[in-house]
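The structure under discussion appears below in the form of structure tokens.
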Amino acid sequence: MQRLIFPPLKALTGSQGLRLLVPRAAPRAQCGCSCGIRCPLRPGQYSTISEVALQSGRGTMTLPSKAAERVVGRWLLVCSGTVAGAVILGGVTRLTESGLSMVDWHLIKEMKPPTSQEEWEAEFQRYQQFPEFKILNHDMTLAEFKFIWYMEYSHRMWGRLVGLAYILPAAYFWRKGWLSRSMKGRVLALCGLVCFQGLLGWYMVKSGLEEKPDSHDIPRVSQYRLAAHLGSALVLYCASLWTSLSLLLPQHKLPETRQLLRLRRFAHGTAGLVFLTALSGAFVAGLDAGLVYNSFPKMGESWIPEDLFTFSPILRNVFENPTMVQFDHRILGITSVTAITALYFLSRRIPLPKRTRVAAVSLLALAYTQAGLGISTLLMYVPTPLAATHQSGSLALLSSALWLMNELRRIPK
């Protein structure tokens, strides 16, 4: 039987000497006709041109198989878990005041910790040249320094692990052709955000290492940079988890109703409120605002403290006055719990799948648990284990809100 040889195709190969072969045409006798038209290729039969195009990522079939989608979904689920670990470890680093112990930033060089006594003493001497040691830790011993140094070192090394967890599998899946065109854009954005996170983390640390001659306050990082660092990490976490759930969870089969549309919008607003509450916690941590008023529900002897608007202009109080920052975090937390409660009772009035109902119940339970942890942390004067648990609870609450929102989104319009 005859083989057909195509002329050179510069658009595909860029080479004038390459000739691409296609499978042999089916005989006319097998077609059942004498018209001379060849039969189309059978399922599973591809021309060499198609194979070259698909392998080079230029084919028209951009959607990956269901199996590939599940693999990518599980990968992003693991990635979101590594981001959650980085956020939790970063919170513990902040609570133990360890973030300023490493005064340099090198991508490769600092991966090897000090091993000898001389290296530790040299590292300790570098730390002694900065404000935190001079003002706050001037009587610190080398053993105490090692503890805070290893805390910050663990956080930075975990950040590198997060970067590898995103970038290396992304390159592999891209090469294998398991990413659709839209997924490629998302993966590029996620990997770019990971790299931005590392740079933003060092930019935040630098704000705590700067000399401030006019200030006698305890050296700390800028609460604005801390909020930006946490906020970008939360965006990375939410985007990874959302994409993972969208790939792994099967679609529901329910008709669209006006009640369902209202519930979906309410869920979106509630998730945004939870995100904003978690972000406000960065200002609380950055200003040590949890140590200002350690009572609940009142702040001291009043519902509205007198020093709520001590800074001028007034807008500065929202971000720089510890009293106002704690007050705002309280209000946002109470509003979030109220919104989640209303969302739960609204969901009870609509026939929903079992998995969606479980998501709503989980969100309600986590909201009240998180509120209890926050109040306990405040009343007990912010002990590190309880405060770290409270910070971890914000991630769990945000995850549950995303799960419910994804469940409602999966119902076709």
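FYI, residue positions are counted from 1 along the chain as it appears here.
Cβ atoms here come from the backbone N, Cα and C positions, even for glycine.
The transmembrane segment annotation in TrEMBL covers 71-92 (among others).
Within the chain, the transmembrane segment (157-175) has long-range Cβ neighbours (under 8 A, six or more residues past its boundaries) at 57, 68, 71-72, 75, 78-79, 82-83, 85-86, 89, 111, 184, 187, 190-191, 194-195, 197-198, 201. What TrEMBL records for 157-175 (among others) is transmembrane segment.
The transmembrane segment feature in TrEMBL is assigned to 187-205 (among others).
Marked as transmembrane segment by TrEMBL: 225-249 (among others).
What TrEMBL records for 270-293 (among others) is transmembrane segment.
Listed as Cβ neighbours of the transmembrane segment (329-346) (distance under 8 Å, sequence separation of 6 or more from its ends, same chain) are residues 262-263, 266-267, 269-270, 273-274, 276-277, 280-281, 283-284, 289, 296, 299, 360-361, 363-364, 367-368, 370-371, 374, 401, 404. For 329-346 (among others), the entry in TrEMBL reads transmembrane segment.
What TrEMBL lists as transmembrane segment is 358-382 (among others).
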Considering only Cβ pairs within less than 8 angstroms, which of the stretches 71-92, 187-205, 270-293 has the most against the transmembrane segment (225-249)?
71-92
Which sequence-distant residues neighbour the transmembrane segment (71-92)? Criterion: at least 6 residues beyond either end, Cβ under 8 Å.
64, 151, 154-155, 158-159, 161-162, 165-166, 169, 173, 178-179, 183, 190, 229-230, 233-234, 236-237, 240-241, 243-248, 285, 384, 387-388, 391-392, 395, 399
